[in-house]
Amino acid sequence: MKALQTLMSGESLTQDQTREFFQRLIKGELNDIQVSAALIAMKMRGETPAELAGAAEAILSAAKPFLRSDTTVIDSCGTGGDGSNTINISTTAALVAASMGLAVAKHGNRSVSSRSGSADVLEALKLRVNLDPSDASTQLADNGFCFLFAPHYHPGIKHAMPVRQTLKTRTLFNLIGPLVNPARPDAQLLGVYSEEWVRPMAETLQRLGVKRAMVVHGSGLDELALHGPTRVIELRNGELNDYHVTPNDFGVPSAPLDELKGGDADFNARILEDILAGGGSPAQRHSVAMNVAALLYLSGQYNDMKAATAATMEHLDTGQPLLHLRRVQDAQETYHV
């Protein structure tokens with residue numbers, strides 16, 4: 001196989017070559033040795049934006065179809081794997097943003113390195129994570145929020161699971177999740193587990209034609225950080241802008257990372273509901289508000305992060321986000337089982 005020969009010689013694949021290789025992988029046409037060799041060859045050299053984009057195109061082309069309206073759809077998603085075991089910041093931010101009128105199609109999975117991934121905490125909130133695509137589409141249209149469970153939409157990925165479980169090391173698949181949202185969001189807040197991936201992931205989104213995005217790494221977190229500076233590469237109108245932000249840019253004080261410490265899914269779900277009800281600690285509220293502000297900014301509703309954060313804090317005080325979550329919970333009772 002030419003693609004494998006190219007990789008084994010230390011060269012990178014083109015976007016087209018990678019797409020063709022992963023199309024074969026998700027059809028089950030490659031054996032475990034071929035899959036393992038390719039993943040390790042790319043990992044040792046470092047996956048390129050062309051390879052990430054090609055793999056994402058292959059996976060998206062085979063995904064279960066998801067019908068969405070012409071409204072601007074946004075996603076708040078991280079790679080996971082930062083090892084911080086914080087509360088579910090991006091999931092909480094997604095629900096708050098939906099209650100403020102954004103259409104958030106959150107793509108996610110179970111835990112990577114923490115005790116509670118996005119799917120885990122949503123299940124603890126009694127939300128069904130494996131909705132039929134038509135029901136998820138209805139949920140997004142009616143309530144501005146839906147969760148798209150990655151294994152449900154990308155069944156072909158199972159062909160790589162034996163290799164991934166055997167290798168027990170990060171590969172391209174640890175980066176690809178935020179790139180293969182079947183709703184094909186117009187804008188994304190994408191967190192990465194290591195700063196080395198900020199630019200490659202931003203360039204990958206650029207290749208995939210995403211309209212607006214912020215790729216972030218916040219002092220060890222795959223989120224905007226409250227405890228230190230956050231590296232950002234912003235994608236807008238096809239151009240990339242590289243900068244750093246601090247909590248001060250959002251008008252909130254810094255706080256130690258341990259003030260965002262999470263637990264298991266039930267523990268994190270209780271904190272999430274507390275924040276949505278207008279409670280939570282100052283650090284929890286500020287962290288969520290910063291991430292919501294970025295979503296409001298990416299959606300075009302605000303051009304100023306401080307104003308967007310202040311608006312989010314005021315909205316949290318009303319308790320409306322929790323009422324919105326209750327509507328999402330109630331609506332799913334009318335969907336297919």
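Residue 1 is the first one shown; counting continues down the chain.
Cβ atoms are placed via backbone N, Cα and C, with glycine included.
Over in Swiss-Prot, the protein carries these features:
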- GLY78, ASN109: anthranilate 1 binding site (BINDING)
- GLY78, 81-82, THR86, 88-91, 106-114, SER118: 5-phospho-alpha-D-ribose 1-diphosphate binding site (BINDING)
- SER90, GLU223: Mg(2+) 1 binding site (BINDING)
- ARG164: anthranilate 2 binding site (BINDING)
- ASP222, GLU223: Mg(2+) 2 binding site (BINDING)
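Local packing around the Cβ, expressed as the count of other Cβ atoms within 10 angstroms, is greatest for HIS107 among the binding-site residues HIS107, ARG110, ARG164. Separating the Cα atoms of ASP222 (Mg(2+) 2 binding site) and THR86 (5-phospho-alpha-D-ribose 1-diphosphate binding site) is a whole-number distance of 10 Å.
Taking CA atoms as the reference points, HIS107 (5-phospho-alpha-D-ribose 1-diphosphate binding site) and GLY78 (anthranilate 1 binding site) are 9 Å apart.
For ASN109 (anthranilate 1 binding site), the number of other Cβ atoms no farther than 10 Å from its own Cβ, over all displayed protein chains, is 19. For SER90 (5-phospho-alpha-D-ribose 1-diphosphate binding site), the same-chain residues lying six or more positions away in sequence with a CB closer than 8 A to its CB are SER76, CYS77, GLY78, LYS106, SER118, LEU189, GLY191, GLU223, ASN291. Neighbours of GLU223 (Mg(2+) 1 binding site), defined as other CB atoms within 10 A of its CB across all chains, total 27. Per-site Cβ counts within 10 Å over the binding-site residues GLY78, THR86, ASP222 peak at ASP222. Each residue contributes its Cα atom, and for ASN109 (anthranilate 1 binding site) and ARG164 (anthranilate 2 binding site) those atoms are 15 Å apart.
According to DSSP, ASN109 (anthranilate 1 binding site) sits in a coil region rather than a helix or strand. Look at SER90 (5-phospho-alpha-D-ribose 1-diphosphate binding site): DSSP puts it in a helix. Rounded to the nearest whole angstrom, the C-alpha distance between THR86 (5-phospho-alpha-D-ribose 1-diphosphate binding site) and ARG164 (anthranilate 2 binding site) is 25.
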